[in-house]
Amino acid sequence: MEQAAGCPAVGGSYPQKNAEILSSQYGINLFLAGLLLTFAWAVHAVGISKSHLLSYLITLMLIQLLWMLWYLCRSCTQRRLIRDKDTHAGARWLKCGITLFAVITLILDSFKIGYYIDFSNCLSPTEGIFPVTHAVHTILQVYFLWCHAKDVIQSFKTLERFGVIHSVFTNLLLWTNGVLTESKHQLNEHKERLITLGFGNITIVLDDHAPQCNCTTTTLCSIFSQGIYYLYPFNIEYHILASTMLYVLWKNIGRKVEHHQQTKTPFKFHGITVGMIFGLIVLTSTIAIVVVYLIQIGGSKIKSELALTMFYLHAIFVLALMCTAGIVALLIYRLEERSLDNSKNPARKLDAELLVGTAAGSWLLSWGSILAIICAQGHPKYTWYNLPYSILVIIEKYIQNLFIIESIHREQEKANDDIKTLRIVTISRGTTLSLTPLYKEIYNGRAAHDSDDIPCLFKGSICGRENNSAGVAKEETSQDNSLVMHSASDFSFCSRNSVTNNKRRILKNIAAFLFLCNLSLWIPPAFGCRPEYDNGLEEIVFGFEPWIIVVNLAMPFSIFYRMHSAASLFEVNCKT
C-alpha cells in the first residue's frame, strides 16, 4: 500500500525507487523475450512460427487493454479530484499527429483482415485475430493518450508503474514487428534489383513468407498485399510515438510538479510565408524524385544509375540548404542574450536524447558509405555522389540537433515591462494622458506610422501646445523638454523591439523550412527509396549479409529521426 502524501519523503523514496527499478526490469525482459521470438521467426528457427509471435503480441495487447480500462474506470470515479498535470507532456499537435497515424493504422488492420479472409484456408487463426485485437488496442490507446498523457500519477504508484511500462514495451515490440515485416519486403525487392546494376555475384535468395495456397479473389489479394506495405511506415511511426508518450507518463509517476501557469504557444502561419514556400518546394520535388526513383530503379542498369544520381544530387542540394539555415539560426542565438531553462522536464529530456540517439543510425550508415568509397577498388560514376551526400548527412544532423536542443531549452521571451506598463506623463495642471500605443500594437509591430495615428508621445511639443495653449511659455518649454526625452527613450525601445521581431521572424521561417525538409527526407526511406540498399558498393566492400544487417538495424532509427525532428521543429516554431 502506498504511503500517504504527508509521510516523510525519505521514508517513501526507497519503495518508490525500488518500484521504478523493478518495473523497468520487467519491461526490459518483456521486450527481450519478444525480440528473441521475432528474431527466431525472421531466421526460420526450428519450431518457431509466425503464429507463436502473434500469440505473444496478442497477449501483451490484451493485458494492456485490461490495464487501460481499469485506469479509465478509476479516473471516471475520481474525476472530481484535482489531479496534477505535466503541461509540457502530450502537446495537442502531438496528439493530432498520433491520431492521424492511428487512423492509417486502422486502415492497415482492415487490409490485414481482408488479406486473412482471402487466404483463410492456409493461414493460422492468429493472423485473423491479431489485426482485430490491434484495431481495438489502437482505438483505446489513442483515447487514453488524449485524455491522460499529461497525468502525474500520485496513487497506486507501484501498480501504475508496471502498467505503464508494460504499455511502453508492448508498443516497442509492435514497432519492431512492423519494422521487421517492412524490412523483409524491402529486402526482397532489393535483391531483385541488384542484378540490374551488374552485381551478379551476389546470391539472390528471396525470404518469402507468402501463404502456400491460392487466393479466393485475385484482384483483392493483390490490392491488400501491396497496400499493406505502403501503410506500414505510418504504423511504425504510430507505435514509436505512442511508446514515447507513455514513457513520459511513466517518468512522471510520483513526480512533484511545480505549479505555474503554462504559456500557450499556438501555431500561426503569419510571418512564416518564406519558410513555408521554400519548404513546400522541397517537399514537392522530393515526392517527384521518389516517384521517378521507384519507377526507374531496377528497370535497367542505365535507368538505375540515373535514378541513383538524381537522388544524390537532390539530397545534396536539400542538405546543403538545411545546413545553411541551421547555421544562420545558431548565429542569431549567439547574438541574443537569453538564459536557458534548466528545470526538470522529462518530456524535454527525452526529446533531446532521442534526437542524438536516433541520429546515430544515419551516422552509422554514412560512415559505412564513406569507408566503402575509400576502400573500394572500382568506383562507378554514381557512387562518387554518395561521398558528399554522406558527409552532409553527418554535418546536417550535428547542426540541426544543436539548433533544436538549444531551442527547446531556451526560456520563452517575456513581454517587456516597458510595454506592459503604460507611461503616464503629467502635461499640465494635473492632466494625464496615455503616451504609448497599446501593448498589442507595439508587440506585434503594428504601431502606426502615419502622422494622424502617432501617439502624443511622439509629437511632444504639439501635444503640449494643444492641451495648454493658454499656458506660460516656460511651462511649455519644460514640458517639451520632458516629452522629447520620453520620445527618444521610446524610439530606442521601438528600435530594439523591431530588431527582436525581425530575429523571431527569421527563426520562425527557418524552423518552418526545416520542419518541411525533415518531412521530405522522411518520405524516401519510409516508402522504399533507399540508396543504401541499391548502391551496391557497400555490399561489395563489407559483404552482402553484414551490410544488409547494418542497414536493417540502422534504417528504422534514421526514419524515426526525421519524423521526431519534424515534431520537435514544429514545437520550436510555436515557441519562437
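Yeah, the Cβs are placed from backbone N, Cα and C, and that goes for glycine too.
Taken from TrEMBL, the feature transmembrane segment covers 26-47 (among others). If you look at the transmembrane segment (26-47), the same-chain residues 6 or more away from its ends with a CB under 8 A from one of its CBs are 53, 56-57, 60, 162, 165-166, 168-170, 172-173, 176-177, 180, 184.
Taken from TrEMBL, the feature transmembrane segment covers 53-72 (among others). Cβ atoms under 8 Å from those of the transmembrane segment (53-72) belong to residues 30, 33-34, 37-38, 41, 124, 126-127, 129-130, 133-134, 136-137, 140-141, 144, 147-148, 160, 163, 166-167, 170, 173-174, 177 of the same chain, restricted to positions at least 6 beyond its ends.
Only residues 6 or more beyond the boundaries of the transmembrane segment (93-117), in the same chain, are considered here, and those with a CB under 8 A from a CB of the stretch are 123, 127-128, 130-132, 134-135, 138-139, 141-142, 145-146, 149, 216, 220-221, 224-225, 227-228, 231-232, 234-235, 237-238, 241-242, 245, 267, 567, 570-571, 574. Per TrEMBL, the feature transmembrane segment maps to 93-117 (among others).
As annotated by TrEMBL, transmembrane segment applies to 129-146 (among others).
Residues annotated as transmembrane segment in TrEMBL: 158-176 (among others).
Residues annotated as transmembrane segment in TrEMBL: 229-250 (among others).
Among the features that TrEMBL reports, transmembrane segment is placed at 271-295 (among others). Sequence-remote contacts of a segment are chain residues at least 6 beyond its ends whose Cβ falls under 8 Å from one of its Cβ atoms, and for the transmembrane segment (271-295) they are 307, 310-311, 314, 318, 321, 505, 508-517, 519-521, 523-524, 527-529, 573.
What TrEMBL lists as transmembrane segment is 311-333 (among others).
What TrEMBL records for 354-374 (among others) is transmembrane segment. Away from its own ends, the transmembrane segment (354-374) comes close to residues 244, 383-384, 386-387, 389-391, 393-394, 397, 401, 404-405, 532, 535, 537-538, 540-542, 547, 550-551, 553-558, 560-561, 564-565, 568 of its chain (Cβ-Cβ under 8 Å, at least six residues beyond either end).
Same-chain residues lying 6 or more positions outside the transmembrane segment (386-405) and placing a CB less than 8 Å from one of its CB atoms are 312, 315-316, 319-320, 322-323, 326-327, 329-330, 333, 351-352, 355-356, 359, 362-363, 365-367, 369-370, 373, 514, 531, 535, 537, 561, 565, 568-569, 572. Annotation source TrEMBL lists transmembrane segment at 386-405 (among others).
Positions annotated as transmembrane segment by TrEMBL: 506-528 (among others).
When Cβ-Cβ distances below 8 Å are used as the criterion, the transmembrane segment (540-561) is approached by residues 175, 179, 183, 187, 199, 202-203, 233, 236-237, 240, 354-355, 357-362, 364-365, 368, 371-372, 375-376, 397, 522, 525-526, 530, 532-533 of the same chain, each at least six residues removed from its ends. Here TrEMBL flags 540-561 (among others) as transmembrane segment.
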* **Outside the transmembrane segment (129-146), six or more residues from its ends: residues with CB under 8 Å to it** => 54, 57-58, 61-62, 64-65, 68-69, 71-72, 90, 95, 98-99, 102, 105-106, 109-110, 112-113, 116, 167, 174, 238, 242, 245-246
* **Tertiary contacts of the transmembrane segment (311-333) (same chain, 6+ residues out, Cβ under 8 Å)** => 278, 282, 285-286, 289, 293, 382, 385-386, 388-389, 392-393, 395-396, 399-400, 402-403, 406, 410, 503, 506-507, 510-511, 513-514, 517, 520-521, 524, 529, 531
* Same-chain residues at least 6 beyond the ends of the transmembrane segment (229-250) whose Cβ lies under 8 Å from its Cβ atoms -> 23, 86, 89-90, 94, 97-98, 100-102, 104-105, 107-108, 111, 138, 141, 145, 148-149, 151, 153, 161, 164-165, 167-169, 171-172, 174-175, 178-179, 181-182, 185, 346-347, 350, 354, 526-527, 556, 559-560, 563
